[in-house]
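What Swiss-Prot records for this protein:
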type: TRANSMEM; residues: 37-57; note: transmembrane segment
type: TRANSMEM; residues: 121-141; note: transmembrane segment
type: TRANSMEM; residues: 152-172; note: transmembrane segment
type: TRANSMEM; residues: 186-206; note: transmembrane segment
type: TRANSMEM; residues: 229-249; note: transmembrane segment
type: TRANSMEM; residues: 298-318; note: transmembrane segment
type: BINDING; residues: HIS300, HIS360; note: heme binding site
type: TRANSMEM; residues: 332-352; note: transmembrane segment
type: TRANSMEM; residues: 354-374; note: transmembrane segment
Amino acid sequence: MAVKKRSIFEEVGQGAKAPVPQGGSIDRGHGGARRGIRLWLMALFLLVMAMIVVGGLTRLTDSGLSITEWRPVTGAVPPLNEAQWAAEFDKYRESPQYRLMNAGMTLAEFQRIYWWEWGHRQLGRVIGLVWAVGFLGFLAARRIPRGWWPRLLALGALGGLQGGIGWWMVASGLEGDKVTVESTRLATHLGLAFIILGLIAWQALLLGRSESDLLQARRQKEGRLVTLTTVLIGVAFLQIVLGALVAGIDAGRGFPTWPDMNGTFLPADMFYVPGVETDWRNPAWWLGLLQNPGFVQFLHRMAGYTLAALGLIFWIFGRRSRHRATRGAFDLLAMALLAQILLGVGTVLSAAEWQVAIAHQVGAVVIWVLILHARHLALYPRVGSIRKGTL
């Protein structure tokens, strides 16, 4: 039988084609899931941002203590008739806030503050529902990229924790002769809200680019800018917590002057705590200082100046980046910081008028997200060699 002669080079250029390089494990078969999960996270981001704004308005309208029970499920249904409204009003009239601050309030006036608090809680329920439907839906369809389900589950767990902290905060204003919630609990509640918002934003940024893009981009990360933005995250978070402490005791309304504080740099009685001797070694004195309007307002101003100064200094470093998108991110951050300074001064001079105060709170959200965006681009620069698919 004749045997066909074959060239020793026949397999080269003939037969099976060379395999085309593939993306990472997350990219393979999960492109649609990445887009879907990112859209779901963006919806959650908008809802959490709305939650922060509505929460701020609820506080500014003194509505947060109008609902004196925690009913996560049955509380979703508001009073539907006169008898139910009367029952809710009776519960509120047993609270110290009603007795000491709102005695004589009419049912119509109560309904106005009730709707603010009910809306705030209802928005929390909506967030929980959107998270659960999205997470369980992607999980059941097996469309969650490898390694991502713990991150997405953690968001839901933090959301549940936030609901519990919210009630823990409200409960602090229903005891004794309290007419407001404990400022430290308010700061805990708001701080966790920003942590959740930041985690959602970060995951959405990552999902906006393919895994192969991120792997290539990370090789060109700008370590100094990553470090600087990490510092900014820490200072910004401290400033957010201090802002909550100021809001919790209405400290902003006691010093409506700028750049001084009622004519002085250090406010009078800044270190005074009623009933506690001034002693640097006494923890009770330190905790008491958090209830001193002059002390917390001074710290909030100083932290604001620090954040603005660091942000503008870091902007100079950001402008030296060899990546255009990174430079643009630092430009946006610098402009937002300047705007936030103006809003902060406006909040002080207006004695925390609600319109200016809520704009200042929204400004904090914007700066928080822009710092994360700048850090993302410092860690994963957009470069011309990376194929399309970037955010």
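Any Cβ shown, glycine's included, is placed from N, Cα and C.
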Intrachain residues whose Cβ lies under 8 Å of the transmembrane segment (229-249), provided they are six or more past its termini: 56, 59, 180-184, 186-187, 189-191, 194, 198, 290-291, 293, 296-297, 299-300, 303-304, 306-307, 310-311, 314, 352, 357, 361, 364, 367-368, 371-372, 374-375, 378
For the transmembrane segment (37-57): best-contacting stretch of 152-172, 298-318, 332-352, 354-374, by Cβ pairs under 8 Å: 354-374
Top Cβ-contact partner of the transmembrane segment (186-206) among 121-141, 298-318, 332-352, 354-374 (pairs under 8 Å): 354-374
Annotated stretches the transmembrane segment (298-318) and the transmembrane segment (332-352) touching (3 or more Cβ pairs under 8 Å): yes
Beyond the flanks of the transmembrane segment (121-141) by at least 6 residues, Cβ under 8 Å: 33, 36-37, 40, 43-44, 47-48, 50-51, 54, 67, 72, 75-76, 149, 152-153, 155-156, 159-160, 162-163, 166
